[in-house]
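See structure below.
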Amino acid sequence: GLFHLSIVVLCPPLTSDSISTVLAAATITMKLTSTVCFPRQEIMKWNGWGYSDSKFLFNKKGQAEFTGKRYRLSGMVLPSLQDWFENTFGASVNHKSPPALNASAVPPASLNEAFVEDLKATGIPFSHEAEDRVFRAHGHCLHEIFALREGKKFERVPDMVVWPNCHSDVVKIVELACKHNVCLIPYGGGTSVTSALECPPEETRCIVSLDTSQMNRILWIDEKNLVAHVEAGIIGQDLERLLNESGYCTGHEPDSMEFSSLGGWVATRASGMKKNVYGNIEDLVIHIKVVTPRGVIEKSCQGPRMSTGPDIHHFILGSEGTLGVVTEVTMKIRPIPEYQKYGSVVFPNFEAGVACLREVAKQRCAPASIRLMDNEQFQFGHALKPQVSSIFTNFVEGLKKFYITKFKGFDPHQLVVATLLFEGDRERVLQHEKQVYDIAATFGGLAAGEDNGQRGYILTFVIAYLRDLGMDYYVVAESFETSVPWDRVLDLCRNVKERINRECKERGVQFQPLTSCRVTQTYDAGACVYFYFAFNYRGLADPVHTYERVEHAAREEILANGGSLSHHHGVGKLRKEWMKESISSLGVGMLQSVKDYVDPDNIFGNRNLL
Amino acid sequence: HPHQATQMSNYCLNILVFVTLQQRDPMLKRDGFEDILEERRNSSDLKYALRCYAPVLYKGVTPCKANMLKNIVLQSDQLRYVINQVSQESGEAPDIIQEEASVILEEMAHRLQISTVRFFAFALSKAFKTLFQHVCVNEEGIQRLQQAIQEHPVVLLPSHRSYMDFLLMSYILYTYDLALPVIAAGMDFMGMKFVGEMLRMSGAFFIRRSFGGDKLYWAVFSEYVKTMLRNGFAPIEFFLEGTRSRTCKSLTPKLGLLNIVIEPFFKGEVFDVNLVPISISYERILEESLYARELLGVPKPKESTSGLLKARRILSEDYGSIHVYFGQPVSVRSLAQGKVNRSTYNLFPRHIPRKPMEETQSFVNDTAYRIVRLQEDNMVLKPWVLMASLLLQNLEGMELSVLTEQTVWLRGLALSYAAFLDWPDHAPTAKVVSSSLALHRGLACVSGGRVSLVVGEPLGPVTPEEALFNRAVSVLSCASYRNQVLHVFLRPAMLAVAMLHLSDEVYNCFSFLWDMFSNDFILCPGDTVQDFEEACYLLVKTGAVQMPQQDIVMTDIGQPTLSFFNGLLEPFLQGYQVVCRYLCEEASEGLTEKQYIPAVRSFAVKLILAGNLRCYEVLSSDMQKNALAALLRMDAVRKVKNRMISHINQTQISPSLSLVAVAEDLCRDGLTPSYIR
């Protein structure tokens, strides 16, 4: 029999079933048709993740709090976080490393006057304010955020920012850029974690950041074919919300969907949490319009599949802004599912959990989302448990814990939890749920309730905020991902964790690092694995350098263990050095020849990928 | 171009050699020893055998019952794949093949039992105390090992000189409360039914000596070893040299098992594997004269329990001390860094057996050599080893005072070459020499102030051949002690020989010798230049040679050193020359490998009896085999078809002709009047 219980209690039960409503509180203040330059830095942090009003902090009593009103966790006190934080990292709430208050010094803009003159004539808004330029000079890699906090100078930032309002604006900008030999760097949501947005320091031309945020309309919805035609600057959560108003969704929900853009997804081959039902970005797009220095690339029809030579979409998907700007995308939409249900399963250990996920993939019955967190993340989840108000809840929690650990014999330092999300009509969801729980039971899994599942997914959205808290107390953290064949999942996870621990030790990190992973996607032939890695850097002269060396070693370990260079983050400039090894030098040559043809003067000169 | 090479090596000498020697020089960091018999002599053996034994295991795993282990192996993807493959090839049902696999595993698997271990702990305590004065272990090495066992799968790689080795190893690990190893042993032990089962229950698992084409056997065997390694159930122990060295020289390492234990690392199944070189040095080897007879062609007695019991008479002898040195664990991961690209394993299913790639093969080969060299480095040498080296260069005998004086001189030389010499503290040299002679009274005796080799007195009249063989037994026995010091002197000695014979092409000649002798000695593949530089460095360091500009010249005080080194290698030069002569002069076209050994032996016997040769070591089958292997490798001799050896006629192939010619010239020039007329 199955036992429904809850183990991980992060916050009180939610009343809503939809992940979109989990985010609903994060309301959008963007004016969707604004022609005014949108100053993102007003509501978003300039030196950290997400909204300015939302952050973790330790209050005067030393208890952790999450501020703001946007998230379910907002305004709550998290009594266990301090202990977990101090014990895990050897950090102390008394040792603060707050960000330097001075904004980073900005190198002066070197403008191409002729370009500026011609651009003025078009009426397309632009800016060369330092704030606007610095905001678009980086993504969210550790070294980038660390530099911002420390008030370190970026070697190179864009010289100006331009805000096209539609496809034809982009065409004009690209033409002018070609005419005046100006370097263009497309900027969508700014959530890159591959140094893709960094300006190449060796670039001597004027660098223009092309901010797509004003191209954020749904141009039409075709209910007969279930497709929507959307401008590529639209941000994930806006797209979902607007489609929801018409009763539809794309179902594409990458963890960054609060801030990342449609164009960015296309440019990096993004993957969504619910890809098991809706597919990854490459499965979702029907038609892409791209403006390149050679002109506009698009297909002539919207046939659902074609045999017309290699798919030109695949030159665009993952091109990381090196070929042009994605301006409009036609993508599949689906009616909003009738019913959604979260779920969770605890397993005695990671091995059992992976075996279960493998079996689920084999039987091709994966729910919309299925994720397996390792024990470290399970414990981390515990640390984010808000204050429990009633004695009764406390008592019930205690009983459940007793049942799992004492009666079922699970070791609290071994057990892991899988979180599930089912979607569809009610009856089929329940049927599906039973099938998955039955499989889980054969691997020793115990169903652990809906709430735990749902809270697991919330963790995804707040974890990025936690990095900022860590950095306030000498802890640096980062995540990275890979995809790997099923038979190598366990070996890869173990070896990468061990490699990180060992590298930290060898590089003088004085405290035991936190290494944690989860399996976030299942495929027929393998899985996507996501790692978190954090350490207390007190006593290190150059923590960012140390961090980068360790991450480098971890990536080598991943490759040596049969993992890919990236599942969905992309290559950017961070992982360029491994491209030849990954796709062969001939493969690199093929990509290079496309680049040479489409953009012979390297107008799109962010130097990602190749 | 030899001159360039010499020039190059001179050029780098100061930098490179110094660095590599600093790395290799083990003198600075060798640990001290503790005698584990001391406690045994002062407390109850029974209590010791029954005491609480609770070793720490790899990452705290709980030990796995032998039966469960077998199930894991039989159910593994690896084995199932091969079972299906064999079934398809042979047409037999998979069930039947599976049953065969199960039988193989049953025959192979260990059944480690703590009670048997306790029995051995008791019995061996008694035996060791009778046989040996001390059993010394470096406890720091034990501590390092204990640490390593907890962190990574560990492979114990002891040197192999005696049957005693693996019992001794388990005994030591039990004494220090370390995880007992599982030990790969040859099937020949299974001849002794009772003893075989006892060994099995003390952790030995048995493998057939040869199973070349047997896919299933190989699959069962390799999966069995890998399963134990991956799960960290116990340290795995085997002998890289494959068999006991009858000559006390380290043998060319065998790669089969090393490949098996390293592969899980390349496939990412374990984070790392630690290889622990262990040097077991015996002051006197139990099998001493047995080995000499075996090398001279008296067939090896089949291991039988009764044979072992007869060996009881050895219990009344004094075998001196044993030193066991646990070396620094070597991380395969660190060794492979930059040498093997593990991602080449990504494109092939890991459970399908595959021949190792070239890159991997050369890495494993290289690793094996390095480990054997590490074993050599930490071999403890007794004064007798130096004395034996001197006596063998003076077969007619030496004045005791001369021997004593030269032993002291040699001691200084050995120490400056970083030999791990166990010379008694505060004892007068005369005392050291006389007690060494006393312990080895079976090999050397003093009469009238002269020291000479003891030749076993036969009963009744003997033929000249019998007398010759008796003498050869004592020479070979004595040589097995001299051989222990060869690894210390080998490189400078080859340089000394090269200087003597081809003083204008020293590097070339060195390189030729290096190549030719690489079956007889442990010379790491590709290390010729490095070894040459090491040789130069050492000879310069001890003032025997100078290196003005590009030349290498002997100094005024270098004569004794260089002539000692020449004498040290002379038996080998002569042995190889005799083999060359035999192949040139006597060998018929259809010579088989089987005929080769007795044929060379009788050729050499003839030479000796005729008074044309005074080198007895040529009679050693070990040297004969090595010489043939070297000539085959260097393409001076070629194997045709299955077993035929075709001697390459001087008119046939010019490159090989020159090789033979060089070898001959070299050897002929190298012979001193005392050896050949």
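Yeah, the Cβs are placed from backbone N, Cα and C, and that goes for glycine too.
Listed in TrEMBL for this protein:
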ACT_SITE  A:Y530  active site, proton donor/acceptor
BINDING   A:186-192, A:268-271, A:320-326  FAD binding site
BINDING   A:R467  substrate binding site
DOMAIN    A:154-336  domain 'FAD-binding PCMH-type'
SIGNAL    A:1-18  signal peptide
SITE      A:R371  site 'Important for enzyme activity'
Separation of alpha carbons, A:R371 (site 'Important for enzyme activity') and A:R467 (substrate binding site) (Å): 21
Of A:P186, A:G189, A:G321, A:G324 (the binding-site residues), the residue whose Cβ has the fewest other Cβ atoms within 10 Å: A:G189
Average pLDDT across the domain 'FAD-binding PCMH-type' (A:154-336), rounded to a whole number: 96
Listed in sequence order, residues with CB under 8 A of A:S192 (FAD binding site) and six or more positions away: A:G139, A:H140, A:C141, A:G264, A:T268, A:G570, A:G572
Among A:R371, A:R467, which are recorded positions, the residue with the most C-beta atoms within 10 angstroms of its C-beta: A:R371
For A:R371 (site 'Important for enzyme activity'), the one of A:A270, A:G324, A:Y530 that lies nearest, given that the recorded positions are compared by Cα: A:Y530
Number of other Cβ atoms within 10 Å of the Cβ of A:A270 (FAD binding site) across all protein chains: 27
Number of other Cβ atoms within 10 Å of the Cβ of A:Y530 (active site, proton donor/acceptor) across all protein chains: 22
Nearest of the binding-site residues (A:P186, A:G189, A:A270) to the residue listed as 'active site, proton donor/acceptor', judged by Cα-Cα distance: A:A270
DSSP three-state assignment for A:S192 (FAD binding site): coil
Local backbone state of A:R467 (substrate binding site), from DSSP in three classes: helix
Per DSSP, three-state class assigned to A:G321 (FAD binding site): coil
